[in-house]
């Protein structure tokens, strides 16, 4: 048996030897292929890196960033600064009339000294010794004097400084008596404050008088390209407020006979504002061609 197994083992060992002998060439081939692949990769690596970097830079430069830029949401806005006031602006005032003073006289004096028109919007307080004119009374209205203390329900009116006529302004008051009676009318005399009286008022520097209705003209007036615009003669526009201590007395029409235009300055430069010409009550310049002989329109 041993003699029979020995040749078989010898054949198996002999058959395994060629396999062992063929293994090293395969390993050599694999190593050779690896070395060639490494060399090829080493040769192509610089070019490939440059291409990838160029592609990355191009994509980053061409891509638009998402979202708003940093700090753009809360940027401070520049403040709005008004460096010059308009001559037609209204200024609000709270006027307090002391006890024992005549409200009508106090408002008129305030308008004259300040050189502006005053519009009384409302009033609160109590008055005594009221002289009013009631239009509903017989014979075209009568003047009555009320003695006693009355509470102000409503007080409105205007006060214009000279040279405006007295009929252009005035006060209207409605009062409540102690027994619940209500009386009112145009203030025709004294209106004495019985305690502090607070008035809400608005002042204006310029007021233009227009007579209505405006008659239609056959040909429309020519349009001007500048700031100054002439009004049609049918409207008979005139300045109600004239020149006072603080008035701008310069003739904005250039002395061409169009009539002087004067208004109260109120401490602001209004030489750059131009208004239409017209007859100013009592202030028409005699040097103009037709300003001196114009008649004052009736209220």
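Note that Cβ sites are derived from N, Cα and C of the backbone, with glycine treated the same way.
Annotation comment: Swiss-Prot describes 63-75 as DNA-binding region. Sequence annotations record features per position, and here Swiss-Prot assigns compositional bias 'Basic and acidic residues' to 14-23, 33-42. Per Swiss-Prot, the feature compositional bias 'Low complexity' maps to 44-72, 224-239. Summarising the annotation, Swiss-Prot assigns compositional bias 'Polar residues' to 240-251. Taken from Swiss-Prot, the feature domain 'PPC' applies to 87-233, supported by sequence analysis. Per Swiss-Prot, the feature region 'Disordered' maps to 1-87, 216-251.
On the 0 to 100 pLDDT scale, the model's mean across the domain 'PPC' (87-233) is 84.
Under DSSP, residues within the domain 'PPC' (87-233) fall into helix, strand and coil as 16 helix, 72 strand, 59 coil.
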